[in-house]
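Student: Starting off with a structure, shown below.
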Amino acid sequence: MTKNKIGVFGANGRMGSALLEAASTKEHSELAAAYVRSSSPLLGINVNQLNSAADKTVTFSDEANITNVDVLIDFTLPAGMRTHLQTAVKQGVPMVIGTTGLNEADMTLLHEAANHIPIVFARNYSVGVNVLLNLVQTAATKFGDDMDIEIFEAHHRHKIDAPSGTALAIGEAIADAKGWDHDKVAVYDRSKVEQAKSQNEIGYSVLRGGDIVGEHTAYFATMGERLELTHKASSRMTFALGAIRAAGWLINKPAGLYDMQDVLDLK
């Protein structure tokens, strides 16, 4: 059986470590490369020393040297992703991207790169969250115009971007279902809104603390009842396994920009 050769950027990070394990243990994939910065003290060290599931022949290697991989996975910060994306295009290697906190210029780069290679970009790779995106759209279309919508998210103290990419994806899914322009209806700071809540708005609340992997709740509140749709992740392996699934799906796909909804056939 031919296995998909996976290369992981940011292999020494929290998500990178989970991706190394997932790539090493899934039946149809194998960890072919674990990339770190050229200044990393891990450079040249056998990955198996830190992750017993990894093949003993794989060492941490310089992210500038991409060889012998079928697909690349990147969950690093935006600055790193930009460099890695250029490398992937130059080498003609498909790429799975889970980086959050991207700006408009970054999204333009993604779209341009997708003219040359197949890319899966998703803010969350868990199956549950992607099912949630469908559920919130259904809920948004079933309630009347007097519905109030709020999104709450919680993550570990180290997460930089806020609201999370997943929270924004939930809000955008709801706005799309309602026919709203998300940028015009999103409210991120109510302390400066000196008036009652408008019905045509989506509010965001954020918590950062401890080691929370990720929690998201969409509230649909109207007079006399409230619907709460919640997803809680207890392990980063949830996202890592989803990314490995996306990587296997992406191989041999034509150039283009895909998302996890495509991978799971939820569209």
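Note that the numbers count up from 1, one per residue, in the order the chain is shown.
Yeah, the Cβs are placed from backbone N, Cα and C, and that goes for glycine too.
According to Swiss-Prot, the active site, proton donor/acceptor annotation covers HIS155, on the basis of sequence analysis. The annotation active site, proton donor is assigned in Swiss-Prot to LYS159. The feature NAD(+) binding site is assigned by Swiss-Prot to GLY10, ALA11, ASN12, GLY13, ARG14, MET15, GLY98, THR99, THR100, ALA122, ARG123, ASN124, TYR125, with sequence analysis given as support. The NADP(+) binding site annotation in Swiss-Prot covers ARG37. Marked as (S)-2,3,4,5-tetrahydrodipicolinate binding site by Swiss-Prot on the basis of sequence analysis: HIS156, GLY165, THR166.
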Student: Nearest by CA distance to GLY165 ((S)-2,3,4,5-tetrahydrodipicolinate binding site): which of the recorded positions is it, out of GLY10, ASN12, THR100, TYR125, HIS155?
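Tutor: Answer for the nearest of the recorded positions: THR100.
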Student: If you measure from the Cα of GLY98 (NAD(+) binding site), which of the recorded positions ARG37, HIS155, HIS156, LYS159 is the nearest?
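Tutor: Nearest in space to GLY98 (NAD(+) binding site), counting only the recorded positions, is LYS159.
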Student: Here's one to test understanding: among the binding-site residues ASN12, ARG37, THR100, whose C-alpha is closest in space to the C-alpha of HIS156 ((S)-2,3,4,5-tetrahydrodipicolinate binding site)?
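Tutor: For HIS156 ((S)-2,3,4,5-tetrahydrodipicolinate binding site), the closest Cα among ASN12, ARG37, THR100 is found at THR100.
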Student: Which of these binding-site residues is closest to the residue listed as 'active site, proton donor' if you go by CA atoms: ARG14, ARG37, ARG123, TYR125?
Tutor: ARG14
Student: Taking the centroid of the Cβ atoms of HIS156, GLY165, THR166 as the (S)-2,3,4,5-tetrahydrodipicolinate site, which other residues of that chain lie with their Cβ within 8 Å of it, listed in sequence order?
Tutor: THR100, ARG123, ASN124, GLU153, HIS155, LYS159, ASP161, SER164, ALA167, GLY214
Student: Here are some recorded positions: ARG14, HIS155, LYS159. Which one has the most Cβ atoms within 10 Å of its Cβ?
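Tutor: It comes out as HIS155.
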Student: Counting other Cβ atoms within 10 Å of each residue's Cβ, which of the binding-site residues ARG37, ARG123 comes out lowest?
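Tutor: Sparsest of the binding-site residues ARG37, ARG123 by Cβ contacts within 10 Å: ARG37.
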Student: Going by C-alpha positions, which of the recorded positions (ARG37, HIS155, THR166) is nearest THR100 (NAD(+) binding site)?
Tutor: THR166
Student: Which entry in the list of binding-site residues, GLY98, GLY165, has its Cβ near the fewest other Cβ atoms, using 10 Å as the limit?
Tutor: GLY165
Student: List only the single closest residue to THR166 ((S)-2,3,4,5-tetrahydrodipicolinate binding site), chosen from the binding-site residues GLY10, ARG37, ARG123, TYR125 by CA-CA distance.
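Tutor: Nearest listed residue in space: ARG123.
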Student: Can you grab the distance from ARG14 (NAD(+) binding site) over to HIS155 (active site, proton donor/acceptor)? Cα atoms, rounded to a whole Å.
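Tutor: Cα-Cα, rounded: 13 Å.
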Student: Return only the integer: C-alpha distance in Å from HIS155 (active site, proton donor/acceptor) to TYR125 (NAD(+) binding site).
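Tutor: Taking the Cα atoms only, HIS155 (active site, proton donor/acceptor) lies 16 Å from TYR125 (NAD(+) binding site).
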